[in-house]
Ligand SMILES: NC(=O)c1ccc[n+]([C@@H]2O[C@H](COP(=O)([O-])OP(=O)(O)OC[C@H]3O[C@@H](n4cnc5c(N)ncnc54)[C@H](O)[C@@H]3O)[C@@H](O)[C@H]2O)c1
């Protein structure tokens with residue numbers, strides 16, 4: 001039987017250094033009999049040579065449109081906007097199944113080209129949980145951004161541009177340095193602490209030296225009494241990592257902040273969940289997503305009160321491209337190993353069924 005081939009394309013989104021296949025995963029696929037093509041890409045956190053060293057075949061940057069039609073193309077983010085038909089099988093996050101802006105135009109390209117989309121967001125296990133997600137490093141990086149915002153505030157300045165870190169250690173060391181050596185003495189609260197993002201958020205605080213007793217870890221049990229919560233005002237940094245699935249009372253309100261006046265300890269809120277535009281956003285104290293170039297937005301706190309800022313970046317794992325990619329790619333590996341049997345393997349069959357359903361909706365919407 002011919003070898004299963006897989007083509008790792010470059011990412012065209014600015015600042016995106018992550019990848020769906022790392023050299024570690026590529027080696028495991030090659031050992032299992034795969035042939036892996038990798039587009040040269042200087043933006044990717046892993047060097048081309050790292051792929052070559054494990055037996056991948058390097059191909060020209062952005063050359064996937066000319067790849068043989070029977071080779072699945074894997075990438076992370078959306079393809080640049082275009083009307084070009086897509087004849088290949090693509091494995092990626094496409095963000096077009098929940099009626100997002102332009103959703104039907106993206107799917108129309110598959111219709112015209114006869115290609116197939118396996119959306120990474122919808123590869124799920126038997127329990128319906130995603131097989132691979134970036135949550136852990138979102139929480140980890142979110143806590144780091146929060147600690148950096150606090151350090152900046154203590155110096156009387158606003159946190160400047162954030163840049164991706166080479167690795168976790170570099171991030172931890174940089175945060176410790178900005179805090180004057182360690183996070184000891186900080187008091188923090190993580191809500192959603194049992195989830196993927198929450199676990200990452202807690203781990204960063206441990207690694208920068210915050211004492212275990214000073215890392216308050218809340219999940220469903222602790223918020224069952226219903227917000228708003230005074231406890232949030234009594235920590236230095238609050239990290240929200242919940243998965244919002246139904247309306248809940250707010251965790252924090254503007255009135256609560258105003259009435260706390262000068263007695264508020266809280267200086268930084270990191271909304272990892274980023275339900276910013278959701279009408280049930282449990283943090284109705286800010287209304288925009290922040291960015292790597294401008295990581296914080298100030299909250300109106302009332303004349304004479306201590307400042308409070310919010311970090312609400314919705315692509316936090318990009319700050320740790322190496323580890324985030326390794327963890328995501330490793331989680332994806334068992335499904336990738338099933339790729340040769342994708343017409344019968346549950347994970348791929350279900351993803352293809354969903355694609356066919358969404359494709360039919362798009363064909364109707366576009367009047368094709
Ligand atoms: N900002 C980013 O870059 C980024 C990246 C990845 C994920 N996210 C978002 O982070 C959120 C969490 O993702 P995840 O993968 O960690 O989800 P998850 O399902 O692994 O964890 C969510 C946790 O929140 C808890 N929770 C839910 N409702 C709660 C409530 N009312 N009170 C207390 N705890 C509650 C759950 O019990 C669970 O432990 C999602 O909204 C996701 O879209 C953001």
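The backbone N, Cα and C atoms fix where each Cβ goes, and this holds for glycine too.
The annotation active site, proton acceptor is assigned in TrEMBL to 77. Spatially close to residue 77 (active site, proton acceptor) yet at least six residues away along the chain are 11, 12, 13, 16, 92, 93, judged by Cβ distances under 8 angstroms.
DSSP assigns residue 95 (active site, proton donor) to coil in the three-state reduction, outside any helix or strand. In sequence order, 78, 103, 121 constitute the residues six or more apart from residue 95 (active site, proton donor) in its chain with CB-CB distances below 8 Å. The active site, proton donor annotation in TrEMBL covers 95.
Taking all protein chains in view, 28 other C-beta atoms sit within 10 angstroms of the C-beta of residue 316 (NAD(+) binding site). TrEMBL lists 129, 195, 196, 219, 223, 243, 272, 313, 314, 315, 316 with the feature NAD(+) binding site.
The disulfide bond annotation in TrEMBL covers 197-241. Neighbour list (residue 241 (disulfide bond), Cβ cut-off 8 Å, at least 6 residues apart, same chain): 139, 142, 190, 191, 192, 193, 195, 197, 198, 201, 272, 273.
The domain 'Alanine dehydrogenase/pyridine nucleotide transhydrogenase N-terminal' annotation in TrEMBL covers 7-141.
The 6 Å Cβ screen around ligand 1 retains 196, 197, 272 from the recorded positions 77, 129, 196, 197, 272, ordered by sequence position. DSSP assigns residue 77 (active site, proton acceptor) to coil, not to a helix or a strand. Of all the binding-site residues listed here (129, 196), it is 129 whose C-beta has the fewest other C-beta atoms within 10 angstroms.
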